[in-house]
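Undergrad: Before I ask anything, let me first share the structure, which is written out below as structure tokens.
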Amino acid sequence: MESIYWAHLVVVLCLGTFVSCLCQNDSDANFSAVYIVTLRQASAAHYYGELTRDGASLKYGSSGRLNIHKPRFGNISRTDRRYNSYIARVHDSLLRRVLRGEQYLKLYSYRYVINGFAVLVTPGQAEKLSRRREVANVVLDFSVRTATTHTPQFLGLPHGAWTEVGGFESAGEGIVIGFVDTGIDPTHPSFADNICEHPYPVPARFSGICEVTRDFPSGSCNRKLIGARHFAASAITRGIFNATQDYASPFDGDGHGTHTASVAAGNHGIPVVVAGHHFGNASGMAPHSHIAVYKALYKSFGGFAADVVAAIDQAAQDGVDIISLSITPNRRPPGLATFFNPIDMALLSAVKAGIFVVQAAGNTGPSPKSMSSFSPWIFTVGAASHDRGYSNSIILGNNVTIHGVGLAPGTDTTYKLISAIHALNNETSVASDMYVGECQGSSSFNQDLVQGNLLICSYSIRFVLGLSTVKQALQTAKNLSAAGVVFYMDPFVIGFQLNPVPLKMPGIIIPSPDDSKILLQYYNSSLERDGLTKKIIRYGAVARIVGGLKANYSNSAPKVMYYSARGPDPEDNFLEDADIMKPNLVAPGNFIWAAWSSLGTDSVEFQGESFAMMSGTSMAAPHVAGLAALIKQKFPSFSPSAIASALSTTASLCNKTGGPIMAQRAYANPDLNQSPATPFDMGSGFVNATAALDPGLIFYSSYDDYMQFLCGINGSAPVVLNYTGQNCWVYNSTINGADLNLPSIVISKLNQSTTVQRSVINIAGNETYNVGWSPPSGVSVKVVPTRFTIASGERQVLSVYLNATMNSSVASFGRIRLFGNQGHSVNIPLSVGVQILIKHY
């Protein structure tokens, strides 16, 4: 495996010196910023990806293999270094000609997914570049942010999907998943290549390298972790990159990237031990797949589009099969449409080259139009619960039980309760230290009062902000020889949802302010005070902590989590709806155990641990990336749209009891504010790993389909040309989002009536299908044909007729189902927004 040594310190020092020169004038006209410049000449991916265009003849056989008759498009390959060198020289030459004698700094040459570069220049210099005939587009850089022991069992992998690909020992074999995230801890056993007897043959097509630095030394990569790079040039130019804290290497100083990589592709059977307690064994979804890391996000500042695009460009050039993005933009992209931004357009080129792209929906739910992943070529994943959880409880002396959280042991008997503010030493008072009740230091307390008792501490907003920590409070309790710790929620912390926290001693956190009041009322009512001095002479409250180390299981799972971003998909900053279904589906994202970086700081409570329990759409997306690897392994010739179709049409619509999947509707008390999930909450439904490996029918969309869609946006022709180098006039017709051949139908505005068509290809054996549907409210639906027989490898067109039967300004939902006589079932969600019915008199 090729290795390269990067002189990070020299690079950082040089960039820092250069930036100080560029930025010494603080006027707006001269202040430098990073711009992403796209040239009109098409990128390498547009040539490499031509084989999947309509110019090639496509036919699926019963094996699921796509037989491609490839036209002649030249000999450009992903790894053609001569082409890469030539493109970089073209970029350098253009900059020298346009900015002759002026200071500037080129950060990246993008060669593969887009033809362009990132450059640090002044607004005036950016204007000069934009006027050049060779330049298509100049965009100001923008910021981005980051958005399992049991989930393989919950998804049915051991006796389902894994058996389809030869068992966990070979699940994902030969597939490379690229992670654009915060890096990876290469020392974690989840990424070792020597714990399984089954070999890890590295795909010959993969050409990535492994950077070598002091904190990512030679030997960090292996036959499991086969590539690792980092991208931080844009961050460095801003003067916010701290090489010590952020690590100028692929090493993960945050924890997020290590977590997501192990969810998708971590080794099977790795013991999860946290705070000295064993929580089972972990496995990724595709434990025998390969990992390639492209670090472009950092703990202290997040990341920037210029670095993310560079990471995507390199991943595509290296030859990954899947790109997993647990990141979203910090704001909705400005401009004509949300789809026209450097990241999404780079991903369009990656999809054209045959790479399946998975992105987290974002953690901005539950409000409508909170979606942070926009484009139809990107597979967007929302977060749902799974059936395993951990709950703790405390039984008070008056027999009242209060539920809470805390991965902690229980107490063997009942102990006396004592509040931290009643256990102060003579030198400390609440007046002198208003935060003393948070138990952040033992020197303030009287050990004689605390020893052998349960210490009550306050959990305030300072814990949320990281100014106080549970770990420090536990250390205080330990130093004072307390029997355990009880945290009550400060009443000013409203609606805060708390993940289970590891506690090395008996303890509990009561997340509800109302339940906290019950605890404090019992405690205060049990105090005895001196009649004259009012000093406490007896602490009468007692309690027993049950403990929260044992998992419990719920039949109500899955449910869509309150934080999971929701549709409809916003097409622009005016919040016009796109006719695109988002999210595509939901997957496990809540309370997910997975690997953690040894130096990870994203969660203070898991610092120093090798595993962490995290929640978010960031955790849901890699579940799907791993499952996509299983599909790609079984069907090597599947296009990205075929993989997306297999996942979508087979998604589950019911929870474990057979009832509807529910969606949480509020941040505060989410379980008390829920209702049946709609397609804008869960897309096609909850991912079904086993069924996705036998979808029966697939919906195929080509690059040209996406181009016709983009060209159909009013006024988009110049923008499309700028980003892709292609003219819209080469397409004889354009289409809107509803006409894309997606496994869903969204009509944001139904003016009386419309007809849409969908085309399916049979990848299974000969089968007869019956078509059924449930129409949205106020809409009549008819599908033709209602019954068809389709041979293996053949295509069937379905016409869907929709008519408004009433006026409505509220979206309504329905569903089309195709039932095959060989057991296949195809699910097509249907959404209709504004309905306009014109009455004739």
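From the backbone N, Cα and C atoms, a Cβ is placed for every residue, glycine too.
Checked TrEMBL, it gives:
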SIGNAL    1-23  signal peptide
DOMAIN    34-146  domain 'Inhibitor I9'
DOMAIN    172-661  domain 'Peptidase S8/S53'
ACT_SITE  D181  active site, charge relay system
ACT_SITE  H256  active site, charge relay system
ACT_SITE  S618  active site, charge relay system
DOMAIN    739-832  domain 'Subtilisin-like protease fibronectin type-III'
Undergrad: Near D181 (active site, charge relay system), which residues of its chain come within a Cβ-Cβ distance under 8 Å, counting only those 6 or more away in sequence?
TA: T146, H256, G257, T260, A261, V293, Y294, K295, A296, L297, S324, L325, S326, I327
Undergrad: Give the number of CB atoms, excluding that of S618 (active site, charge relay system) itself, located within 10 Å of its CB.
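TA: Around S618 (active site, charge relay system), other Cβ atoms within 10 Å: 30.
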Undergrad: For the domain 'Inhibitor I9' (34-146), what's the model's average pLDDT?
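TA: For the domain 'Inhibitor I9' (34-146), the model's average pLDDT rounds to 73.
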Undergrad: If you run through the domain 'Subtilisin-like protease fibronectin type-III' (739-832) with DSSP, how many residues end up as helix, strand and coil?
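TA: Looking at the domain 'Subtilisin-like protease fibronectin type-III' (739-832) with DSSP, the answer is 1 helix, 63 strand, 30 coil.
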Undergrad: Taking the Cβ of H256 (active site, charge relay system) as the centre, how many other Cβ atoms fall within a 10 Å radius?
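TA: Taking all protein chains shown, H256 (active site, charge relay system) has 28 Cβ neighbours within 10 Å.
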